[in-house]
Amino acid sequence: PQSAIVTGPAGEEIFCDEHGRVRFHWDRYCPGNEDSSCWVRVSQAWAGAGFGNLAIPRVGQEVIVDFLNGDPDQPIIMGRTYHQDNRSPGSLPGTKTQMTIRSKTYKGSGFNELRFEDATDQEQVYIHAQKDMTTEVLHDRTTTVNNNHTETVVVGQVVNVGSKKENGHDQKITVANDQKTTVVNNQITEITEGNKKTDIDKGDQEITLHEGKQTIKVKKTISVSSEEKIEFICGESSITLLENGEITISGKIIKNDAKDEYHVNTKKLSADGSEEQVLTGGILKLNP
């Protein structure tokens, strides 16, 4: 085996043919360019018909060249090695516990990386995507985190569950302890068809608006039901409904304004004005 440097045209970082073959300097007199040698095959860790492992040696990398059956006309690259100018990822020997697969952005300084840290009590799998990261799962996906899970999205996030209602695509979220959702700007929940239901088996529900107003619009019916008490409070005014049928309306001034008719039907009616009681009307009938 011999050591060689991969060559290519000036300014080019990756130079290969359709088979992934590269060129290297052949003799001391030939300049290191795209004509340095014939196309040379590169041994890969796994090679099959349309599958396997592929890593093209780049211009300037040091490779190990051997010859099939000792024939100098059949060179083949069997491996690659680091040297003073092409140093390994990380900073050895400090990162000696790491196994790293790191690429390099074509004509750039970025990289994609898969790294395994095997230091005792510091074991870690690290994945770095220089730009986009796409994961495709053709069937089920299961992720289990036995401790904490932190996910940070700096810009936006879109989650689509299913595309057609008739296929029964559902989303289910189960939180064994507390759940907190913080929205800095607006939050919109839209249900195009169907119902919305909130069940609290044990505990309270509280909605607090520190500023602004709350508006509820219903096209048909609003139903509020309580087994003990319903209370509406605004400043010094209140309406209280108790389970025994008692309704209390309290306030400094209470006004009932009926445009056409106002009916009160009861067995007993009491009106007590401690200072003054005034009844007015076009026609006032008492025991007609």
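Even glycines carry a Cβ here, placed using N, Cα and C.
A TrEMBL annotation is a machine prediction, not a hand-curated record.
Annotation comment: TrEMBL describes 18-82 as domain 'Gp5/Type VI secretion system Vgr protein OB-fold'. The domain 'Gp5/Type VI secretion system Vgr C-terminal trimerisation' annotation in TrEMBL covers 99-200.
In the domain 'Gp5/Type VI secretion system Vgr protein OB-fold' (18-82), helix, strand and coil residues by DSSP number 3 helix, 21 strand, 41 coil. The average pLDDT computed over the domain 'Gp5/Type VI secretion system Vgr C-terminal trimerisation' (99-200) stands at 89.
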